[in-house]
Each structure stands twice: as structure tokens, then as C-alpha cells.
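J.: TrEMBL lists these features:
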type     : residues                               : note
BINDING  : Lys139, Gln202, Gly231, Asp262, Lys401 : UTP binding site
BINDING  : His232                                 : substrate binding site
COMPBIAS : 1-14                                   : compositional bias 'Low complexity'
REGION   : 1-25                                   : region 'Disordered'
Amino acid sequence: MATPTASPSSLAASDGAAQREFHKASKKSITQAVENAVNNLIESVDSHKSEDGKVYSAQDKVNFAKDLKDFTGVFNAFLKQRGQVIDWNLIKPPPKGMIVPYAELPTVPDAEKGSYLDKLVVLKLNGGLGTTMGCVGPKSAIEVHSKYTFLDLTVQQIEYLNKKHNANVPLVLMNSFNTHKMTQKILRKYQNHKLQIETFNQSRYPRIFRETLLPLPDDINGTLEDWYPPGHGDVFPALINSGLLDKFLAEGKEYIFISNVDNLGATVDVNILKHMVETNNEFIMEVTDKTRADIKGGTLIDYEGKPKLLEIAQVPENKVDEFKSIKKFKIFNTNNLWIRLDAIKRLIDSKVLEDMDIIQNQKSVNGASVIQLERAAGAAMQYFQQAQGVNVPRSRFLPVKSCSDLFVVQSNLYSLSNGSLVMNPARQFTTVPFVKLGEHFNKVDQYKKRFKGIPDMLELDHLTVSGDVTFGAGVALAGTVIIVANHGSRIDIPDGAVLENKVVSGNLRILDH
């Protein structure tokens, strides 16, 4: 009797089922291993002391366990989403009505602004360090204009609003374990200011090994590199855990304006707030027109009928160039977000936000390949009942990520008005010049030493500086200026020099006689 043979289709089905069972078993094993590791981390609190030699308190253990419980939820979401790829065919441009031009919003009369402001809380994301610009401590402590820091300007803005409109808008800072202690010290200088300032810490998650997916640290202390603040998407659970969200709701607050502390354009705009109130929106994302400098920024799309934030990390490799195209994806997320407080509470309580998209941020720690699991705050948009984008002027997106950005905001392109940077009316164009300073200008200390004074930039379109270059006092730059000092050479731009549409290269030094 002939031995029966399986058909190719049944073999394929059997093989597929076997693969699914294998992945299911592997996922279960990984989940169990991570759960065990997390439990060991929590128990390590009892047998370890803090860096300053103190015994951890019962509350320390509760807070640590809460962070790790949240991490476990994020990790499980990561396993669930792992291997899933966004369906490029389902991506559509935002339809009419999903994004509203800012110019169409009605202007709120001054007499009405106070009633809207009393509903508002302002939250600044303050978890980042100034290390990329060569500074120690929170980035918000860097001086950006007229000797004022990011934090100084924020305090001035809100104090002015409250005083002018007889309102009570509180300022909230979401710190990280990297910035908390220093920020608390800095805040002492505002003790005599008439402004309610609250702080809370975002979570502290363990990095995981790329191969095993197990946490790096063995105990609560570990090393500083073992831990990370898990992105600004953590603002929602962290705000709830802090008790501040319930506190603000009890005080009658209804809306929160969230933005990056280093975005100098992210000021309170009552026109947007009024639009939000009148349209019953639960979530508004400020977007602005994309330029070549913003091609990697997350964009707002229509995905299966809902607004969705699409980040470059979610884009398939063969679609990255298309994502960067300004023709198809015309706007990007400024990370200026307006959200109803009660809607945040509803979505956290119902655990809906646990399904937010996870971004894998790959790093190297002491030669080991590791992963940080992060979420973007804007990714929560799709879960709110009514959400909309507002296409705002470019002036509302003025981030300082480098010394090149710092150079622009410290120039005569801007003046200060009650803590806000205002474009100089003498500038003929509403856009800012494109500035690229070389590696000799990367750190703030280096940058300061290379300028006797910040040049006049009112007529500047484009500036590129490379190599060992210094600038004298009273220099003016206009049009396109390119300055390249050859390797081993130095260029000193003399006092009072006027460079318009010029290329300066080679070696130029003017010495005292």
C-alpha cells in the first residue's frame, strides 16, 4: 500500500501553524523572563542603599514598583506590536477639516481672555539635559537671550499673562531623574514670583538588551546608563501617578498645553484655546509647514479614518524617501499639544493608551546593543474622541537643539517682549536664515569664545561656517555667506566686517601691530 503524502498546501498550513506556536511559546518565555527580572529589581530595594548611603523608604519602593509596572505594560505592548508594519496603502493625506489653518481662527478680545486662561494648565517637558551642547544640568538652564534661560522666559510669559488678564495659569514641569534635583534648586529663585509652579518626575525605565530583551540593571541602583526617561508619551501616566491631574480637575482646570521647554515659540495662544473649547475638541496638535530642515519630523496623516502621528521610525525602509518628500507630507508635528484633562483621565483609567505606538530607540551602552522603548505624546491623538490639527505659523516652532539654533535666537532677528521672542520688524522675510556652524561651535563654551558679538543677521539668508573661525565685533552678514577655514588654518573675521553673498576660505588672520 502506498504511503499517503501530504499536499503542498497542507504542509504549508502545518508549517505556518508550527511557526505561530513557536513564536507564541517564545513570546511567553520572554514575557516570563522579563517579569522575573522586574520582580527581582523591585525586591532589590530592600537590600540596597541609595547613592548617598540612605536606606530606601517604603514610598521609594512603591514609586519604583509603579515605574516598573508601567514599564512591563510598555514592554508587553512592544511584544504585541513587534513585527507589525504600518500599511502604506492605508495612509492618506488629512482630509478637509482634520487640519484647520490658524488664520481661520477668530481672534479673542482681551476682555475675554481671562475666562479662557482660568481653565488652562501649562506643562513644559523638562526631562532633557544640555549635554549635546556641552552643558551640565537641565537644558532649560541654558541662557538663550539677554542672559535669560529657557525657564526664565517661560516664567516671565506666564506671569505676564496672569497679571494682564487677572488669571491663574499654573506652570508644571515634567522632569526626569536626570534633571529633577538641579531643577528643584533652580526653582528657588522664583519663590517670590506670583506664579504657582508644580513639578513631577516622569518614569525611570530600564534599558533592555537587544538580543535577550532582558533589563540591563540587576538592582535598583545599577549604573546611570542602565536607565532612561521613556519619551514624552510618558506624560499621561506620569501626570496621573503624580496626583496633579486629579488636583487640577478638582481646582476647575479643564485644559493642558504641553510643549518642549526648548521651543521658544511655544507660548500660550488663547485663539487656539478658544477654538478648542468651542469645537469640543479633546486634542489639538499644532502642525506647521515642512521645510527641508524638517524632513525627518513626524507628520499628521489620515489612517483608517482617524488622525494619526506618523514618525520616521515607523516608516518602511523603502518608503523613507517618500516620507521625507515635502510634496506628499507637507506638514509636521511641532509637539505643541492642547488636551482636555478629563479626557486624559478617561483614557488612562480605561487603559486605552496602553496601545500607543512604541518607538524602538537603539543605543550602545559600554559596547552592548540596547533598546529604549519610547512613546511620543502626539501618538495618543488617535485615541481621543475628537481631535484636530491646527496649521500654525512657523513662529510657533522655534526650537534650540544646537549652537546653530542658539546663534539665530541670540541675534538681532529677535527682541524680547514679556518673555516671548518677537521677530524684528526690520526683517523683510518671515522665515529665519538657515545656519550651519561647524564642529568648532558645537559646545556653548566654544561657541561663546568665537564671537566678540553676535553679527547683524537681518539680511542673512544662509550661513555655513566650517573650521577654526572667529568673529569680531560689529560684523554684518547678508545673503549667502560661506566661511571655510582650511585644516590647520584659521580665519578671523575682523571688527566691523560686512559680508554679503561672499565665500571666505583659506587663512585670514589680522594681528595687532
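A Cβ is built for glycine as well, from the same backbone N, Cα and C atoms used for every other residue.
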J.: Among residues Lys139, Gln202, Gly231, Asp262, Lys401 annotated as binding UTP, what is the maximum Cα-Cα distance? Answer in Å.
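T.: Comparing all Cα pairs, the maximum is 21 Å.
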J.: Using a 10 Å radius around each Cβ and counting other Cβ atoms from all shown chains, which of the binding-site residues Lys139, Lys401 yields the largest count?
T.: Lys139
J.: Taking His232 (substrate binding site) as the reference, which of Lys139, Asp262, Lys401 (the binding-site residues) have a CA within 10 A of its CA?
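T.: Close binding-site residues: none.
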J.: Looking at Cβ-Cβ distances, which residues of the chain lie under 8 angstroms from Gln202 (UTP binding site) while being 6 or more apart from it?
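T.: In sequence order, Gly127, Met174, Asn175, Ser176, Pro229, Pro230, Asp234, Val235, Ala238 meet the Cβ cut-off.
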J.: Relative to the Cβ of Asp262 (UTP binding site), which residues of the same chain, six or more apart in sequence, are found under 8 Å away?
T.: Gly128, Lys139, Ser140, Phe150, Pro399, Val400, Lys401
J.: Just to be sure I understand the packing, how many Cβ atoms besides its own are within 10 Å of the Cβ of Gly231 (UTP binding site)?
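T.: The answer is 23 other Cβ atoms.
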J.: Reduce the DSSP letter at Gly231 (UTP binding site) to three states and note it down.
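T.: Note: Gly231 (UTP binding site) is coil by DSSP, not helix or strand.
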